[in-house]
Amino acid sequence: METMEYENITEFILLGLFNNEDAKATCSVIFSLCYLAILSGNLAVLLTIRRSHLGEQPMYFFLSYLSFMDVCFTSTVAPKLIIDLLVQWKTISFSGCMSQMFYAHFFGTTEIFILVAMAYDRYVAICRPLHYMVIMSRRVCSILVMASVIGAFAHSLMQVLIIIQLPFCGPNQIDHYFCDVFPLLKLACMDTRLLKIIIVTTTGVLSILTFVALVISYIIILCTLRTRSSEGRRKALSTCGSHITIVFMFFLPLIFTYVPMADSVSDDKVFALFYTMIAPLFNPLIYTLRNTDMKNAMRKLWGPKKSFEKN
């Protein structure tokens with residue numbers, strides 16, 4: 001009896017966000033403007049923090065890395081999405097697909113861990129204010145960022161190792177606008193049910209637990225604020241409100257993507273658009289419009305310089 005051997009495919013075709021040919025050129029312009037806004041907004045926040053006294057404060061130290069991760073995370077997906085909306089043949093090599101998946105998971109997971117670090121920073125600042133500068137020293141902040149990077153690297157490497165060993169014998173059409181785990185599992189020439197359970201357990205459950213932990217931590221913080229003065233409560237609520245908004249914008253679509261309720265790829269693409277494009281687009285606005293310190297620092301750094309003539 002002859003055994004059938006399959007030759008692994010060397011490239012994939014990304015089917016994109018939608019199939020409406022008439023709207024692709026318009027959407028390409030819209031996504032290009034969004035991408036430029038993400039780059040300019042997050043880089044403005046990053047440079048403002050690094051070039052002002054705000055960088056000495058733990059909260060803004062983490063925010064600068066969050067902005068940097070937003071730029072990197074979106075840059076792994078947006079350029080390819082924009083180009084593919086304009087071209088007819090949307091191919092990506094096997095190695096390019098694995099690289100895109102690795103970096104998307106790496107930067108996205110680092111962002112998740114930094115959001116956790118920011119929640120811990122707010123918890124210490126509000127619930128243990130007398131020990132804040134000792135607990136959240138620059139050394140501790142740097143360790144938390146480094147731990148976030150190492151944890152994200154381990155997670156991303158595991159995702160790639162799961163996919164790279166699978167046989168892909170065709171078809172090679174990925175029903176998504178970037179390479180991700182679940183769309184690739186659908187193309188594998190083997191039973192991937194066990195692997196789907198592993199992915200849901202590692203990524204989906206991790207997202208849910210992290211989201212629940214963040215929500216609980218902010219509930220504790222909000223309960224603690226009831227004992228504070230009205231001015232201190234107002235400032236803390238403004239800061240925590242920004243954090244909570246970002247947490248919900250980032251985690252809810254992520255949970256719906258990696259804890260699949262049904263076999264619907266089209267919904268996954270919409271959810272993915274939230275955490276790859278929409279959340280990074282609104283992060284700078286949310287963290288600056290409601291933050292007096294950031295607005296003052298940006299006005300001082302980027303505003304018009306006044307020159308005074310000496311008589």
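Backbone N, Cα and C define each Cβ position, glycine as well.
Taken from TrEMBL, the feature transmembrane segment covers 29-49 (among others).
The feature domain 'G-protein coupled receptors family 1 profile' is assigned by TrEMBL to 41-287. Each residue in the domain 'G-protein coupled receptors family 1 profile' (41-287) has a pLDDT score, and their mean in this model is 87.
According to TrEMBL, the feature transmembrane segment maps to 61-82 (among others). Same-chain residues lying 6+ beyond the ends of the transmembrane segment (61-82) with a Cβ under 8 Å from its Cβ atoms: 14, 16-17, 28, 31-32, 34-35, 38-39, 42-43, 45-46, 49-50, 55, 92, 100, 103-104, 107-108, 110-111, 114-115, 117-118, 121, 138, 141, 144-145, 177-178, 276-277, 279-280, 283-284, 287.
The transmembrane segment annotation in TrEMBL covers 102-120 (among others). Sequence-distant neighbours of the transmembrane segment (102-120) (same chain, 6+ residues past either end, Cβ-Cβ under 8 Å): 59, 62-63, 65-66, 69-70, 72-73, 76-77, 141, 144-145, 147-149, 151-153, 155-157, 159-160, 178-180, 207, 210, 213-214, 217-218, 243, 246-247, 250-251, 254, 275-276.
Sequence-distant contacts of the transmembrane segment (140-164) (same chain, at least 6 residues past either end, Cβ-Cβ under 8 Å): 58, 61-62, 65, 98, 101-103, 105-110, 112-114, 116-117, 120-121, 181, 184-185, 195, 198-199, 202-203. According to TrEMBL, the transmembrane segment annotation covers 140-164 (among others).
Among the features that TrEMBL reports, transmembrane segment is placed at 197-225 (among others). Nonlocal intrachain contacts for the transmembrane segment (197-225), taken as residues 6+ away from its ends with a CB within less than 8 angstroms of a stretch CB, comprise 112, 115-116, 119-120, 122-123, 126-127, 155, 158-159, 162, 181-182, 185, 232-233, 236-237, 240, 243-244, 247, 251-252, 254-255, 258-260.
TrEMBL lists 237-258 (among others) with the feature transmembrane segment.
Long-range contacts of the transmembrane segment (270-289) within the same chain, counting only residues at least 6 positions beyond its ends with a Cβ under 8 Å from a Cβ of the stretch, are 17, 31, 34-35, 37-38, 41-42, 44-45, 63, 66-67, 70-71, 73-74, 77-78, 104, 108, 176-178, 180, 242, 245-246, 249-250, 252-254, 256-257, 295, 298. Look at TrEMBL and you will find 270-289 (among others) tagged as transmembrane segment.
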(message) Are there residues at least six beyond either end of the transmembrane segment (29-49) with Cβ under 8 Å to its Cβ atoms? List them, or say none.
(response) 55, 60-61, 63-64, 67-68, 70-71, 74-75, 78-79, 81-82, 85, 277, 280-281, 283-285, 287-288, 294, 297-298, 301-302
(request) Residue list, the transmembrane segment (237-258) vs rest of chain: Cβ under 8 Å, 6 or more residues beyond ends. (result) 59, 108, 111-112, 115, 118-119, 122, 126, 182, 199-200, 203-204, 207-208, 210-211, 214-215, 218, 221-222, 225, 267-268, 271-275, 278-279, 282-283, 286-287, 290-291
